[in-house]
Amino acid sequence: MTLEERLEQATRIAHEAGRRIRAAREGGSLQRNIKHGNELVTDIDVAVDRYISEQLESLFPGEARLTEELSPDRRDLSDEKPLWVVDPIDGTVNFAHGHHHVAVSIAWVDKGRVQVGVVHAPFLEETFTGIRGSGAWCNDEPISVSGTRELDASLIGTGFPYDRDARFPLLRRLHAVLENCRDIRRNGAAALDLCAVACGRLDGYYESCSPWDFAAGLLIAREAGARTGHVYDCPEGIATELYGENLLVCTPEIYSPLKSLIKKGDSGQYR
Ligand code: IPD
Ligand code: CA
Ligand code: CA
């Protein structure tokens with residue numbers, strides 16, 4: 001199957017998943033649970049993961065899957081074999097609180113590199129797609145990053161972990177960014193933050209998150225012209241495209257200045 005055909009299938013699945021997410025909200029009775037001590041999860045996260053997983057298994061039997069709710073085991077990440085990486089609902093807190101920044105994210109990885117990705121936002125009616133080496137689109141129209149060259153004029157997206165103790169150290173870098181950039185956005189869905197960089201609504205994004213949060217969006221941002229990387233070097237022997245610690249994704253011109261600024265913040269040079 002060509003990459004275009006894989007993307008077409010992934011997009012079809014993401015659209016149906018999106019219809020189920022919308023229908024669930026309209027139905028009104030979400031079951032809210034807590035996993036890993038502090039993470040919100042609903043019955044719809046699990047049901048949509050099951051739907052996507054069954055579809056992928058029937059179309060691509062035997063291909064491995066990393067999905068947030070049903071197959072979150074990351075042991076296979078250094079493997080070279082094909083892998084589907086799925087977040088059934090990115091933005092669960094938004095979903096449960098009635099906000100619109102919610103997405104289905106599906107990526108296909110081969111030899112440790114993301115080849116195709118789709119991020120579908122059912123409430124916003126936007127579908128972002130990307131194919132390695134071929135470009136990125138929103139609702140089938142080509143997209144590209146903003147022309148922002150100066151940190152001072154840049155709007156930066158970020159997010160915070162569920163673990164509240166892990167939030168405190170991030171305040172220093174937040175302080176540095178707020179003092180040197182136009183402003184911050186915390187929209188609550190990492191996949192959509194990356195797509196926002198891809199289509200120029202944000203000029204940069206930084207966060208630490210899981211492969212299912214960013215695999216598709218990172219490809220889409222890169223294909224739209226973003227520079228993608230990490231604030232600190234990745235450990236050896238890990239597929240860097242699936243390594244989510246201290247991700248940094250920006251217009252090419254602000255990448256280095258934002259990286260320095262974040263490091264300065266981390267080192268305590270801001271309060
Ligand atoms: C979360 C969102 C959020 C980010 C968190 C993620 P979830 O994903 O992407 O924006 O800040 O780090 O865990 O839990 O809604 O799938
Ligand atoms: Ca997520
Ligand atoms: Ca999720």
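Even glycines carry a Cβ here, placed using N, Cα and C.
According to TrEMBL, the Mg(2+) 1 binding site annotation covers Glu68, Asp87, Ile89, Asp213. Neighbour count (other Cβ atoms within 10 Å of the Cβ, all protein chains): 29 for Ile89 (Mg(2+) 1 binding site).
All protein chains considered, the CB of Asp90 (Mg(2+) 2 binding site) has 30 other CB atoms within 10 Å. DSSP assigns Asp90 (Mg(2+) 2 binding site) to a strand segment in the three-state reduction. Under the heading Mg(2+) 2 binding site, TrEMBL lists Asp90.
Long-range C-beta contacts of Asp87 (Mg(2+) 1 binding site), restricted to its own chain and to partners at least six residues apart, with a cutoff below 8 Å, comprise Thr67, Glu68, Ala103, Val104, Ser105, Ala191, Trp212, Asp213. Proximity of the binding-site residues (Asp87, Ile89, Asp90, Asp213) to ligand 2: a Cβ under 6 Å from the molecule is found for Asp87, Asp90, Asp213.
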